[in-house]
């Protein structure tokens, strides 16, 4: 189940981040398997208005568009989408923007015409083609409603959102709906849950005058109801509704079908919409299928039915396969005007057997299989009527046509506070226990020491006292249960934690690389407090410092490491290689405890190799310092990438940010010549890493890798590219297309000058191939090499 935070806020308001909410939900029994951020890797995406469109003079399939993006003048964008036209509101990625997949938007010339941006499809902003409306599958997205040019496109699309993906166990079917999840969140945060509007303005005409409902076997179909809505207008649903469906993994179709799916997600109650005029009669009969009976479902497939299947009929012919899929001739089409809305309870075993036999698993069948909340059946139908009235101009007929019995909305269970306390191992008052049940939306009655809990039908997992005890424990918070000292019969020796072990390994790696560990003061001068800080936040100053040099808590380890290097050089120890693992501190406002983050930093200056027996003398440079950092990443089984950066205090051309999973976790670079001279240092290189961030991502470490027993191959490639293209971008493309046999790459030559155009450079790269399972063949390597070269050419490189 995919839960949109933006949608969830409609029912329950909490003051907490989505990541904290996900953590809290996980700790109380529903695992949040993933957190999907639709804003990730997207930058400078705005709404644009296409003011004009002209054919490209030199390309039949391209159009030259003038697009208003909220700036002083329209921008010219060359677009190849077949559906682009003047008068449209579209998604525009501005120059300097980014799109998923690492795509950077730059000024370009396409067949001689200037293009300053990109008009985007939904696929290009990260939406799967499985969920995109069919009208936009092969072209750009066009807003169906007027927008303000220049506004944030993600906000206009309701995609500035984070979505939690639940990995639900079968017993928690209540969380297969937004309202069920809202009840859970309201309980966790002790707040109120607000239900959506369900009341329509009804006509005097009664649905009973137009329709009858009959159930032939109430053991298989305990309840079936229908409501009628006239004069609906079939059109696209509102953008916000389409966005919520897309984020939930459902493709928008039209407003009527979308409302059916929307209510399914909202209440967990599957609905079906029939074209009333196509049903063929004024009666609905729900029965078992006849032996050998056939029907054609919505996917244009003729199905042969068994007597165990439940069908919805018009008295004669099946018009739907109950709980699984509708029939083709009664489906909602573009010309549909009158709607019959079905809300029912079907036998879960029958639905499971039918859906599995026909391989027709759907959102509806999965919910029927797990059991439906009787309290929501009619409410969900009423909600659909309200939405059809609001967003399809429908006229709702009064009354509900139904057959069968809904059954009990609640199940009473008696329990005592003493029973709960004896089970969970600590004492809660009766009032505390009742409060927790009320938070969950369970009504309670108290008779002396007995608490009668009215469990609603949505919580089918609660049937006995022990289930109620579990609810008390998890909502109270497993982490908040008081700790008690256990009684040990024997004492076992302690051991290092995973983090302690990894920290020791990192220290050993750095010491093996020739660095010495330093331990410096946490206090620095106010001037140095924010030097090299990766987060620009308020400093923490001492009220009564012992000296100006120790007046604030540091936000970087480097100021004192630079001071230590300067101290050593001044005393004739000119070859300095130091590292430190220590805490830095960031303020959180008055009265709040600061954030304490562990960093790893290093400094290298002078000669790296100084003894004759170690080999040729080698002076510290950028790549040597980078090699030290890479040793750390390799030991922690992490993969760093590097991106050119400008950081105060560092050389503007010899500095890079260090990224882990596309997030900046540190930097490396040469100390700015002015700062180095002020400290009497020659060329000096520093690095700093957020050690906490590394520990949070690292899931293992490498102690040993077997020596390959099969020979590898190497291929060299020379590329001519624009001089402003970093080698890292080329390496990223190479690795993305190298498959599992490309083991590593090495830039061994960079050339600019004679025989190259101005603004161009030549980069020579060695590609090392290896298969640990078998000997590589030339054909296999050549095939991968060809794919890599094609990708590089597409990126703009020329193979030399």
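Placed from the backbone N, Cα and C atoms, the Cβ positions cover glycine too.
According to Swiss-Prot, the domain 'tRNA-binding' annotation covers 39-154. Marked as domain 'B5' by Swiss-Prot: 408-483. The Mg(2+) binding site feature in Swiss-Prot is assigned to 461, 467, 470, 471. Among the features that Swiss-Prot reports, domain 'FDX-ACB' is placed at 708-800.
The Cβ of residue 470 (Mg(2+) binding site) has 16 neighbouring Cβ atoms from other residues within 10 Å, across all protein chains displayed.
For residue 467 (Mg(2+) binding site), the same-chain residues 6+ apart in sequence whose C-beta sits under 8 angstroms from its C-beta are 413, 461. When the binding-site residues 461, 471 are compared by the number of other CB atoms within 10 angstroms of each CB, 461 has the fewest. Broken down with DSSP, the domain 'tRNA-binding' (39-154) shows 11 helix, 48 strand, 57 coil. Excluding 461, 467, 470, 471 themselves, the residues of that chain whose CB lies within 8 A of the CB mean position for the Mg(2+) site are, in sequence, 459, 462, 466, 468, 469. DSSP places the residues of the domain 'FDX-ACB' (708-800) in helix, strand and coil in these numbers: 27 helix, 32 strand, 34 coil. Assigned with DSSP, the residues of the domain 'B5' (408-483) fall into helix, strand and coil as follows: 33 helix, 19 strand, 24 coil.
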